[in-house]
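> Got a structure here, written out as structure tokens. Questions coming.
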Amino acid sequence: MVNEDPNLEERDGTPGQEAAFRADPSLSAHPSVSAHPSVSTEPSVSAHPSVSFHPSFSANPSSSAFPSTLAPGVLAQPSSSGPEELSTIKVSKRRWVVVLVFSCYSMCNAFQWIQYGSINNIFMNFYGVSAFAIDWLSMCYMLTYIPLLLPVAWLLEKFGLRTIALTGSALNCLGAWVKLGSLKPHLFPVTVLGQVICSVAQVFILGMPSRIASVWFGANEVSTACSIAVFGNQLGIAAGFLVPPVLVPNIKDQDKLAYHISIMFYIIAGVATLLFILVIIVFKEKPKHPPSRAQSLSYSLATTDASYLSSVIRLFKNLNFVLLIITYGLNTGAFYALSTLLNRMVILHYPGEEVNAGRIGLTIVIAGMLGAMISGIWLDRSKTYKETTLAVYVMTLVGMVVYTMTLSLGHLWVVFVTAGTLGFFMTGYLPLGFEFAVELTYPESEGISSGLLNMSAQVFGIIFTISQGQIIDNYGTMPGNIFLCVFLTLGAALTAFIKADLRRQKANKETPENKLQEEEEKEEKEEKEEKEEKEENNTSKVPTTTSEEHL
């Protein structure tokens, strides 16, 4: 409010106003009067709203005790250190549109990640390459993320949400159009180029959910908002399992096959273009007012000369966060491997069931989206981050064991049920990890913490995908799935050692209103004690006075 009227500072320092103060000696002689809110009734003081509302004036008696200190320089000081926008906690109506648009272009990018793996055998025949080469079209998403994580996280801190959102959606759109140039069997390198561009776009997307939730949503909405943001990514994976087997049938005619592939590529390119336009129109850097006390504090703590490297070093010194990096990577890496190799595993036991293989993947992701939404709502209400994360992790392990035992029974409906149960917990864990990381690392940047989690997931995803693929080729699906069960057991054990140091929740509780109320209660208690002591003293003096009068 101070900066909205540039002439206001000059009016506050005019000789007429100083004369008004000098004319009333009580204001200059008695500091308690100027510190009292009743000063705001004077016209010369109430002309500046920050004097009566900003806590820095009422809390500092030295600045209000003498009229001479109310110079223009002093009045301008609160605007530079704490503008009214930071002191007002208010959520923006735009927040739901922002998270919805992000969720949509994240969905588009995730679809392109899995669109090759869900019909692995069809693309093998069309391009005349090995299954391992098609697997790399998925794994390139994981590979590009590792070296680009820290540079993109730095860009997020330097340029903010809007720039990163525009870059991610633009690259996603570009990669989709490049793939349209690969509709001939000999143009496999072109489709690889398009997929690599999309994988770079993914780096600008995966670290955003927790940042968007913190910047745009209130303290009781952050977990739900983060779940919705992750929800889009999972919906894209679900569509990637369902749509390609429907649009691209397993036929021998290369020309007809190229036609069906072109339909899929044109649809995704058109959707990516539309979403890029929406990002340009809708996405804003941040709301006018901070949505929570924790976000307001993070604005005030932010410094322009903050060392990005020192923030990363501090995060790696946080033992609880390091444990979470490992456990999150094990769980999500197992999910990446399972998603990439699902088509191969189902086809081995149920030949010719490409469409049902995609539907099983869809079941895993849809169930996981439901789990993510339920866990997000539960966290916003209960704040039991450690307990919920551990419970979901243990149930993921149980679901993986059951899925491993039932995959080869010969009954597809059983696989649908067990895969859905596994997905409910395994995919539902993803937003839990993001939100738990923000709690453990506050006030460090959400972009850095979530980026490190994703980097761990990509590393383990590459290791698990290559290793499980080799195990399946040489020994079968059950040993490959047991391989994942072993690492999920390790992850569940390490999760139990993470301490629930919920720093963001503590910051949200330490509001100025709470502190002011505590101080007022303390003052009232002290006044009451003093009054009781005086009454006791007066009571003790009464008998003495009476006896003296009698004497």
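Including glycine, each Cβ sits where the backbone N, Cα and C put it.
What TrEMBL records for 1-47, 506-551 is region 'Disordered'. The compositional bias 'Polar residues' annotation in TrEMBL covers 29-47, 539-551. The transmembrane segment annotation in TrEMBL covers 96-116, 136-156, 222-243, 263-283, 319-338, 358-378, 390-406, 412-432, 452-472, 478-498. The domain 'Major facilitator superfamily (MFS) profile' annotation in TrEMBL covers 98-503. Residues or ranges marked as compositional bias 'Basic and acidic residues' in TrEMBL: 506-517. Per TrEMBL, compositional bias 'Acidic residues' is recorded for 518-535.
Explain the structural surroundings of these features, please.
Residues 123, 134, 137-138, 141, 165, 168-169, 172, 175-176, 179, 195, 198-199, 201-202, 205, 208-209, 212-213, 216-217, 225, 228-229, 231-237, 239-241, 243-244, 264, 268, 271-272, 275-276, 278-279, 282-284, 339-340, 361 of the same chain lie 6+ residues outside the transmembrane segment (96-116) yet bring a C-beta within less than 8 angstroms of a C-beta in it.
Mean pLDDT for the domain 'Major facilitator superfamily (MFS) profile' (98-503) in this predicted model: 86.
For the transmembrane segment (222-243), same-chain residues at least 6 beyond its ends with a Cβ under 8 Å from one of its own Cβ atoms are 95, 99-100, 102-115, 118, 205-206, 208-210, 212-214, 216, 264, 292, 339, 342, 357-362, 364-366, 368-369, 372-373, 375-377, 379-380, 427, 430-431, 434-435, 438.
Outside the transmembrane segment (390-406), and at least 6 residues removed from its termini, the chain residues within Cβ reach (under 8 Å) are 327, 331, 334, 371, 375, 414-415, 418-419, 421-426, 428-429, 432, 478, 481-482, 484-485, 488-489, 491-492, 495-496.
Distant neighbours of the transmembrane segment (478-498): 320, 323-324, 326-327, 330-331, 333-334, 337-338, 341, 345, 386, 389-390, 393-394, 396-397, 400-401, 403-404, 407-408, 436, 440, 460, 464, 467-469, 471-472; these residues of the same chain sit at least 6 beyond its ends, with a Cβ under 8 Å from one of its Cβ atoms.
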> Kindly say whether the transmembrane segment (136-156) and the transmembrane segment (452-472) touch, using the definition of 3 or more Cβ pairs under 8 Å where each pair is 6 or more positions apart.
yes
> Counting a contact as 3 or more Cβ pairs under 8 Å, with residues at least 6 apart in sequence, do the transmembrane segment (452-472) and the transmembrane segment (319-338) touch?
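Checked: the transmembrane segment (452-472) vs the transmembrane segment (319-338), in contact.
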> How about long-range neighbours of the transmembrane segment (358-378): same chain, 6 or more residues beyond its ends, C-beta under 8 Å?
114, 118-119, 223-228, 230-231, 234-235, 237-238, 240-242, 244-246, 338-339, 342-343, 346, 384, 388, 392, 412, 415-416, 419-432, 435
